[in-house]
Amino acid sequence: MPSQGKKYEYLEHTADIKFLAYGNTLKEVFENAALAMFNVIIDTGKVSGETAREVCLTSPDLESLLVDWLSELLYLFEVDEIVFWKFRVEEIREEEGEYSIKAVASGEQYYPESHPFETEIKAVTYNQLELEKTADGWKAQVVVDI
């Protein structure tokens, strides 16, 4: 995996939270970006469970697909109160100028006593958004509004 085997790392940002996610494949960078985002909200190491939600989305480009993917997971957390810890992207494809993702996120019901809340994320932003293929895989830079 790129960057010495790291899945993600957090970077300095004045007001919000910025992270880089890495992956050998495009699917893996989407999975690791989701993990990085949820580790801002809670400690995913304390989450288990196999409550699953399927996510299928279509967007005009890969960068928008990444933002839509993370935003949908954030929405599911807020509405269904599920904390996710495992992400499996089954497919990302381009067809007729649009990109789509089919994935499954797994986790468990959110209980404040079991999952201490660390940071509230208001939104996933396009600010400083980057998604690029590198010599050794893929890299995504994401800023979330807190």
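Cβ coordinates are placed from backbone N, Cα and C, and glycine is handled just like the others.
As recorded in Swiss-Prot, the features of this protein are as follows:
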BINDING   Asp16, Asp145, Ile146  Ca(2+) binding site
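What Swiss-Prot annotates, mapped onto the structure for a quick look.
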residue: Asp16; record: Ca(2+) binding site; Cβ neighbours (10 Å): 15
residue: Asp145; record: Ca(2+) binding site; Cβ neighbours (10 Å): 13
residue: Ile146; record: Ca(2+) binding site; Cβ neighbours (10 Å): 14
